[in-house]
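For reference, the structure discussed in these notes is given below.
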Amino acid sequence: MSIQNAARRKTAPEIFARKSGEPIVMLTSYHAHTAALVDKYCDIILVGDSLGNVMHGFETTVPVTLEMMILQGHAVMRGSKQALVVVDMPFGSYEASKEQAFHSAARVLKETGCGAIKVEGGQRMAETIAFLVNRGVPVMGHVGLTPQSINTLGSFRARGRDEADSAMILEDAKAVSEAGAFSIVVEAVAEPLGRKITEAVAAPTIGIGASVACDGQVLVLEDMLGLSPWAPKFVKRYGDLGPGIEKAIQDYADEVRSRAFPGPEHVYNLKPKAAK
């Protein structure tokens, strides 16, 4: 297929231009087949480091590696056609220096073909974000609750519920926006703060447990489909697929053990002998 005939993907500048416009729809995906489904309805597919929790059963996102993100990012790119694909930079791949961040981000962009990367952190990461943007790397920011910082935060509690924390997170968002981020994820903050951030920054905000006033929303796909045994308060279950999948597996196991499967329609017959 020629480049001219290929489906055109959304770009970071197009997402940036959606500020105060039609809400931006984002979901996570880690596989080609779910990416193909999500791609039909979403503006952005996030290959989140939450794959550590969802796919690998880690308690936090800290153990996730750059190689894991690249592998799943490539899968999502193969499964999608139109959405902007954003790949999370995992813990330890960008914090040491601006140069480390660029080296890691360049690997992700080159090896997956994705359109942007995401980094967690506010004022402390602003210089790094500007460094990346100035070198051709589109960056999505992430402020509020930053899961990669769980060992210093101590818990996954909502942020910005007192005046001091709220003021700090607002300044984080401003710094990330001014550094050149094309959008900012705002996670698990008090609703008035989510509104205030959205009004204060030039970049579109994408809320996850923030505010309906944000410029867009994101959820973890498995959470909203009912595939996770537990989900945060900010998740709305749009499906309850877990019990249905379990029932299908149970039925399969029962039919195998009773020799009801495979049936005659599931096996191959010999070719008929040629007529003499």
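Yeah, the Cβs are placed from backbone N, Cα and C, and that goes for glycine too.
Remember, predicted model here, so these are calculated numbers, not experimental data.
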Same-site residue for Mg(2+) (record: Swiss-Prot; known: D49, D88; options: E14, E22, E111, E120): E120
Chain-internal residues, separated by at least six, CB under 8 A from D88 (Mg(2+) binding site): L46, V47, G48, D49, S50, V64, M69, I117, K118
Euclidean distance between Cα atoms of E120 (Mg(2+) binding site) and E187 (active site, proton acceptor), Å: 11
Beyond the site residues D49, S50, D88, K118: chain residues whose C-beta lies within 8 Å of the centroid, for 3-methyl-2-oxobutanoate: L46, V47, G48, L51, T61, V64, M69, V87, M89, P90
Under 8 Å by Cβ from E120 (Mg(2+) binding site), counting only residues of that chain that are 6 or more apart: H142, T146, P147, Q148, S149
Those recorded positions listed as D49, E187, and which of them has the most Cβ atoms within 10 Å of its own Cβ: D49
